[in-house]
Structures are given as C-alpha cells and as structure tokens.
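Right, one structure below, let's go through it.
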Amino acid sequence: MDLENVSCPICLRKFDNLQALNAHLDVEHGFNDNEDSLGSNDSRLVNGKQKKARSVDSSAQKLKRSHWEKFKKGKSCCHTCGRTLNNNIGAINCRKCGKLYCRRHLPNMIKLNLSAQYDPRNGKWYNCCHDCFVTKPGYNDYGEVIDLTPEFFKVRNIKREDKNLRLLQLENRFVRLVDGLITLYNTYSRSIIHNLKMNSEMSKLERTVTPWRDDRSVLFCNICSEPFGLLLRKHHCRLCGMVVCDDANRNCSNEISIGYLMSAASDLPFEYNIQKDDLLHIPISIRLCSHCIDMLFIGRKFNKDVRMPLSGIFAKYDSMQNISKVIDSLLPIFEDSLNSLKVETAKDSENTLDPKNLNDLARLRHKLLNSFNLYNTLTRQLLSVEPQSHLERQLQNSIKIASAAYINEKILPLKSLPAILNPEGHKTNEDGQKAEPEVKKLSQLMIENLTIKEVKELREELMVLKEQSYLIESTIQDYKKQRRLEEIVTLNKNLEELHSRIHTVQSKLGDHGFN
C-alpha cells in the first residue's frame, strides 16, 4: 500500500504522508473534536514505525469545532456562491458559524476565543465568512463624521453673491446706457447736422458707462481666442468693456436694437416706456458680448417661459399623461380581480358568482374603456393642432406612435374579458323595489346572447381599435416616404395585431356591429 501520496477523503487534498493527513483531518474537518479524541495520545503505525499523531496544541487550547458543518462529497455547496465544494475550490468551515465555504468566499479574519465567540482583546485570528465579519460587535458602528455642509453653503453663497453683484452692476450700466442713448436721440434727431453731433455724444456716453479696455494690447478675442486681423475686427462690449470679435458664426458679440433689449428686460426701471414713447423701432443698436447677454437675459427668458401657458400640443400631451396615469392605476386592480375570479371559476364552474364582485369588475372595465376613449380623443385633438415649427411636427409624429403603441399594449388584456363581468341590471320585484341581481352559473352566461351593455362596450372598443389602426396606417405611409424601413416592420406587426382584434370584436358583434 502506497502511504506516501495520500488524499483527504473529504476535500481530496493530497498529502505526503499519513501524519500530515491526520493533522489535516483534525484541524480542518474537526475529526478530533470529541473529548476522548482530543485527549488521546495513541500512537499510529506509519511505514512500520510508531509516531504520535500531530496536534495543534493541547485539548484546552483548541478551537471549538462541534458546530462545524460536516463535509459531504458531491453534496456540500458553498453558502455564498452555491458551487459544489471539491479539492479545486476548497472546502473550509467558517470558524464562527461553522458553515462550509470555498476558499474564495472565506477571505476575512476575526478574533475569536476557544468557544468560537467574538473576543477582540484576548482572541486569536481565525478565518470567517463575510456575514460573521460584518455582524461582529463594533463593525461600522461609528466613525469620525465631518459635516461639510456649512462650508459648501458658504462657498455657494459667496459665488451667488458675486454673481448677483455682477448682475446688479450690469443692470445699472444697462439702464444708464439705454436712458442716455434715448435722451440723446430725442435731442439730436431733428436735423442732419445734429445727427453728426449725436453720434459723437453717444460714443462719449458709452465710454463713460464702463471703462473700455485698451484694444492696442489685445491680440485675441476674449471669448473665442481667435486672433484679430484684417477680416476679424475688434469691438468693445458696451456693458463690460471687453474686446471681442464680430464673427457671425461664433456670436461673440452682436448689435441688438435698443427696443428689443428694453422689451426683453421690461422689469428694469427705465426712464422711458417702450410702448408709450414708441421706442420699439428706434434706429439705435447696442453691441453686447455673449457673456453679458447671457447674464442679463437668459434668466429673464426662463422665468418668462415658465409663466407662459403651454402651447396647444403640450397642453394636450399633458392631459394625455394624466389619463395614462389613471389607466395605469386602474388596470392592475382590474387584472388582479379578474385573475382571482378566474381562479374561483376554474375550481368549480357550477358555483354561482358573487354579484358584488361582478358589479365591481364591470364598473372597472367601464372606467377603463372610457379612459381609453378619452385618451384616443385627446390624441386626435393633438394631431389636429397645426404645428408652429418643424420640431413640433416631429413631436406630433412621436406622440402619435407612442399613443398607438400604448393603447395597443394596454387595451389587449381586455379582450379576454368573459361575459360574466357584465351582469344584468337589477330587476324589480312585484312590490316595485329593486331586487338583488340574478346570479347565474358560468356555463349559462357563456352561451347566452350579448346584452345591450356588452354591445355598447364592444362598439366602444371597436371604435378605439379602428382609430388606432388608422393612426398606424398613416404613420406607415409617412415612414415609407422617409425610407425608415426598420420601424415599418414593427408597426406592421402592431397593425396585424390590431386587425386581428378588430376581426374578433366584429365577429362577436355580428349584426350589432358597424362598418
């Protein structure tokens, strides 16, 4: 018998001799955990010689192993990754909880006493799993916390104050410049000779509003950094005095009519009123750099856009979104109730159904169909709005496709609705009072003719389906002109589903349908 190359029968690890194997079984797999085996000093015969079994220490110094999970070849799995444990990936017990893990998922070390309990002061370091590591006392319980919020507030307030001061400075310069230019225009615009003097006075006023930077030392535009030359002239911003270029492609500076500037900043305290004094078409322009334009007018434009009412397209789309939220909230409730009803009828089809549940489901279905009809009406109204730009036309097409896909997706679950969800109306008894609704069996309800309520709801559904079919067909025609073939394939599939559903509804209606 070869006693030199032996393998562990549990984890298949190879050892040079039996002594190493016995020590491995005692330490790693807990075969020497009993008191008898821990205190035994029986000798073993190895290669014809007596040798004492190797032990980690005396029995009083060994870690508790009775709680360790026993290894079963081909059955034991790692509690973290779930892989079957073998010699390649290892089979190691967590010293704390005793569960088996592979070598990869037992990387942590904790201090334990001989009873396998947490002992950070007097314990020794042992391998443990991630769960035992993170659940030890004191793990991530506390730490140094430095609240930097006041510092961030301070920095933000400084930057905000600087920006507000800069904006206030530009606004004061702008008001002073506009009022001065209008005053000069009203004074000198009556004769040609006075016009020559007016230009000189305006130039002096512009230089007094803000100091201009010496353009002789400036070789590059302060915004786009392009070098000045014969084709790229130097200009001064009338509010900040910075030297910029006049390239139309880069928009570093622009000459803007004073009337449009006043209308864009109508909240400023100008001396003149643009409407009363008829200043909208006054022939005076002011050159401003892009930085000053952004600081003065972007915030005002944003606030103005927020206060403005939504355009026709966006108003209709907002209403469509509100209806879709109602549909999304009602549809799961309806489907859950319908599924529970199907489960009840599947158990025993001869049982009578609760009339209260039937009425609730019929009411939910009626709400859903009305919501779909309203959603479809809003879609038609949105498409009838004349777009004001190419962007709005693109938005209309996108909304048309999205609404068709939405209704096609949401309304199809209603096609499986059985006739039991439309109970007959309450009947009156002989005394003239309303009696309880008649409860029928499922087999009886499925073979009867359609009621007036069913015909009405099927007609509403058919109307919605035909409208969606028309929308998709028109979209397909538009996409054929634009050669968007990939999207046409998807739309054709949706159209086939709609036609199939339309045919089903029409077959149910029969003579009660309409063309």
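Note: Cβ is positioned from N, Cα and C throughout, glycine not excepted.
Database features, via Swiss-Prot:
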type	residues	note
ZN_FING	6-29	zinc finger
REGION	36-58	region 'Disordered'
ZN_FING	72-137	zinc finger
BINDING	CYS78, CYS81, CYS102, HIS105	Zn(2+) 1 binding site
BINDING	CYS94, CYS97, CYS129, CYS132	Zn(2+) 2 binding site
ZN_FING	215-297	zinc finger
BINDING	CYS221, CYS224, CYS245, CYS252	Zn(2+) 3 binding site
BINDING	CYS237, CYS240, CYS289, CYS292	Zn(2+) 4 binding site
Item checked: Residue among binding-site residues CYS129, CYS224, CYS245 with Cα closest to the Cα of CYS289 (Zn(2+) 4 binding site) -> CYS245
Item checked: Using Cα positions only, nearest of the binding-site residues to CYS78 (Zn(2+) 1 binding site) (CYS129, CYS132, CYS292) -> CYS129
Next item on the list: Inside 10 Å of the Cβ of CYS94 (Zn(2+) 2 binding site), count up the other Cβ atoms and send me the figure.
Entry: 26
Check: When the Cα-Cα distance from CYS81 (Zn(2+) 1 binding site) is computed for each of the binding-site residues CYS129, CYS132, CYS221, CYS252, which gives the smallest value?
Finding: CYS129
Notebook entry, point to check: When DSSP states are grouped into helix, strand and coil, how many residues of the zinc finger (6-29) land in each?
Noted result: 11 helix, 4 strand, 9 coil
Checklist line | Euclidean distance between Cα atoms of CYS94 (Zn(2+) 2 binding site) and CYS102 (Zn(2+) 1 binding site), Å | finding: 10
Checklist line | Shortest C-alpha distance to CYS240 (Zn(2+) 4 binding site) - which of the binding-site residues CYS94, CYS97, CYS129 | finding: CYS129
Check: Taking the Cβ of CYS292 (Zn(2+) 4 binding site) as reference, which residues of that chain separated by at least 6 in sequence fall under 8 Å from it?
Finding: LEU170, CYS237, LEU239, CYS240
Check: By CA distance, which of the binding-site residues (HIS105, CYS221, CYS224, CYS252) lies nearest to CYS97 (Zn(2+) 2 binding site)?
Finding: HIS105
